[in-house]
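Everything below concerns the one structure shown next.
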Amino acid sequence: MPKIVVVGAVAGGATCASQIRRLDKESDIIIFEKDRDMSFANCALPYVIGEVVEDRRYALAYTPEEFYDRKQITVKTYHEVIAINDERQTVSVLNRKTNEQFEESYDKLILSPGASANSLGFESDITFTLRNLEDTDAIDQFIKANQVDKVLVVGAGYVSLEVLENLYERGLHPTLIHRSDKINKLMDADMNQPILDELDKREIPYRLNEEINAINGNEITFKSGKVEHYDMIIEGVGTHPNSKFIESSNIKLDRKGFIPVNDKFETNVPNIYAIGDIATSHYRHVDLPASVPLAWGAHRAASIVAEQIAGNDTIEFKGFLGNNIVKFFDYTFASVGVKPNELKQFDYKMVEVTQGAHANYYPGNSPLHLRVYYDTSNRQILRAAAVGKEGADKRIDVLSMAMMNQLTVDELTEFEVAYAPPYSHPKDLINMIGYKAK
């Protein structure tokens, strides 16, 4: 009976194991998870903190016991894989509760250890990061136990923005700082102004080009010279792949610690796959490498690996498009395609339109800003971005499908919109992009 070992039990690992079991009823499947919880919804965590998700249990799909009862898959939490011997096809495992170590053999090894939150490195009892359900519980319990009011949020990426919004909605008083003036880097810089407008509208303090110099109890000294007091600090300063344990093996890592994979999510070592935040692959629509540590990619990779292990040799990954979205108070920010800083590798043109998300005479209309970049050599779409209170998600998803099928910007005129006054225009913003490009 083949033995399949999975490292990591969240989006990629748990999904892959589940899909393998759906296709293969016989194999022995074991998942090692270094932390307390398995199969939780990472993207739900800020909303648990904000009490938008009313019960944290809604963010937890399975316990190990439930997973075994439903799928006959063994999940061992607090078990950290600390080394791989790919020549003997074994992994070394540390039981973090007992501090005991043991070896586990495998026929197939699936690596989905995810990433960990970066830290600024200050020794402080009021400083937290958010990466898993344990972090979420710690933040929630600290807020309740210490009657937290003033919270400093460090960083201005997706997670920090979501955390700040949810702290505000919970009734706390957050302040945002960021070390540069470049916020929300997945979005075009000049399309981020509504973020600052939303902060100003709610009188939420923020400072760009600001950093922490020192923390002394609740007293924070900043690079600017300001000294302020906060009850709590939440750091959202990026992540790094959990790949240290892989260095002992023959598995190739890139300079940032990610694992390059082929179109089957195979590593350079036979019988070892890598999926989720740790894997780096390529874009679908252009010839560039891509690392897209988001939920869709982890789930797609899980299905592809499961199909292969079950015997489907023809299935392949065709690449990322990098579709991403975030809600910040009343606005939605969405984009798809290459990152803004990757556009310089192409000879491109940009076309954009700003108009109401639906018919102007229908109540509740608000402006939607849609922008498309296309390659001048073949007029295919490289990147699209949208910002507005309504309809950004729909337009970016349509453009994602257009890019998946390598449509040109001119072909957007042929997009047949589902039109009624509450939803769109007879000539949608997507159509208008095509017309303007001509």
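For all residues, glycine too, the Cβ spot is worked out from N, Cα and C.
Feature annotations, reproduced from Swiss-Prot:
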- CYS43: active site, nucleophile (ACT_SITE)
- CYS43: active site, redox-active (ACT_SITE)
- 8-33, 267-277, TYR419: FAD binding site (BINDING)
- THR15, GLN19, ARG22, SER39, ASN42, LYS71, HIS299, LYS427: substrate binding site (BINDING)
- 151-166: NADP(+) binding site (BINDING)
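Nearest to VAL163 (NADP(+) binding site) in space, judged by Cα atoms and limited to the recorded positions GLY8, LEU23, SER39, CYS43, HIS299, is CYS43.
Of all the Cβ atoms in the protein chains shown, 24 others lie within 10 Å of the Cβ of GLU165 (NADP(+) binding site). According to its DSSP assignment, GLY157 (NADP(+) binding site) is coil. ASP28 (FAD binding site) sits 16 Å from THR15 (substrate binding site), counting Cα to Cα. Candidate binding-site residues: SER18, LEU23, GLY276. Nearest to VAL153 (NADP(+) binding site) by Cα distance: GLY276. For the substrate site, whose binding residues are given in the record as THR15, GLN19, ARG22, SER39, ASN42, LYS71, HIS299, LYS427, the maximum C-alpha distance rounds to 49 Å. Here the Cβ of GLY13 (FAD binding site) has 27 other Cβ atoms within 10 Å, regardless of which shown protein chain they belong to. Inclusion criterion for the binding-site residues GLY13, SER18, GLY155, GLU165, GLY276: a C-alpha placed within 10 angstroms of the C-alpha of SER39 (substrate binding site); this criterion is met by GLY13.
Comparing the Cα of GLY276 (FAD binding site) with the Cα of every entry in VAL151, VAL159, LYS427, these being the binding-site residues, the smallest distance points to VAL159.
Around the Cβ of ARG22 (substrate binding site), 12 further Cβ atoms fall within 10 Å across all displayed protein chains. The binding-site residues close to the residue listed as 'active site, nucleophile', defined as a CA atom within 10 A of its CA, are VAL159 out of SER18, ARG22, GLU33, VAL159, ASN271, HIS299.
Here the binding-site residues are ASN42, ASN271, and the one ringed by the most other CB atoms within 10 angstroms is ASN42.
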